[in-house]
Amino acid sequence: MSAIDDLPPLREVIREHQLSARKALGQNFLLDLNLTARIARAAGPLEDATVVEIGPGPGGLTRALLALGARHVIAVEHDERAIPALQAIAERYPGRLEIVCTDARTFDVRPYLGSTKAKIVANLPYNIATHLLIGWLSAEPWPPWYDMMVLMFQREVAERIVARENEEAYGRLGVLANWRCETKILFDISPSAFVPPPKVTSSVVRLVPRTAPEPCDRRALEQVAAAAFGQRRKMLRQSLKSLPTDPARLAAAAGVDPTRRAETIPVSGFVAMARELTNSRDDNKT
């Protein structure tokens, strides 16, 4: 990481560019370059890789990604104040850092990639992290334009992402995430590592897209999961009443006991119910 050593410390960068964290942008800057390097290494070998980073801020993780060999980093930053700091990094790594100043929620990175698969590696702004993740998990067609995500979330959100049936954090997000990806919490980061320190512990999560998830319509899966977890303490025969079909019949046809509750149903059970929901709609059309 010799090239990084030539760049100013991140605290100096923040001071020089007056990058006080803005709560409205969900900013908490990670200044420890050992931790940013650990996050970057969690994405596996970076040599010749294309990496999409959301919310680079002063560029700590950006520097680690480039120093570890990423061929092309696309840094998407909404805060115009951070652009000069990122441009200084780009000068150290000519032709390897592409800076896009825009809102990640409306940004389509695919035209920047062509046929290249990317990795998404980011300390996500907390206020839009779940929104972004759901968008990436909803990508069509599948497999998606990325082959791995290494992302930082609040610990509570990370637990929801990796949760399985019969775990307290299990819900709609866990169903979608684990249907389409293999998920794992890699490590935690203390609030004291950030400026300003958040009130909660953060966790780094790795999501690897499944090549062939169990087949079902994504929208039907989301609809079934939303209904079931909307009244998670009730039996499926009650909680699924908002669906346009008989809930007990739907569950039974999917091989799921309609007296069970959402929190006890594995992802495969939700997939089976989503398929039955799609089938019932098709039957009604004929």
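Backbone N, Cα and C define each Cβ position, glycine as well.
These come from Swiss-Prot:
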{"type": "BINDING", "residues": "Asn28, Leu30, Gly55, Glu77, Asp103, Asn123", "note": "S-adenosyl-L-methionine binding site"}
Secondary structure of Asp103 (S-adenosyl-L-methionine binding site) (DSSP, helix/strand/coil): coil
Cβ neighbour count within 10 Å of Asn28 (S-adenosyl-L-methionine binding site): 22
Largest separation between Cα atoms (Å) of residues that the record links to S-adenosyl-L-methionine, namely Asn28, Leu30, Gly55, Glu77, Asp103, Asn123: 20
Conformational class of Glu77 (S-adenosyl-L-methionine binding site) under the three-state DSSP mapping: strand
Cβ-Cβ neighbours of Asp103 (S-adenosyl-L-methionine binding site) (radius 10 Å): 10
Helix, strand or coil at Leu30 (S-adenosyl-L-methionine binding site) [DSSP, three-state]: strand
Residues satisfying Cβ distance under 8 Å from Glu77 (S-adenosyl-L-methionine binding site), sequence separation of at least 6: Gly55, Pro56, Gly57, Ile83, Leu86, Ile99, Val100, Cys101
Which same-chain residues, if any, lie at least 6 apart from Leu30 (S-adenosyl-L-methionine binding site) yet have Cβ under 8 Å of it: Thr36, Gly60, Leu61, Asn123, Met152, Ile189, Ala193, Phe194
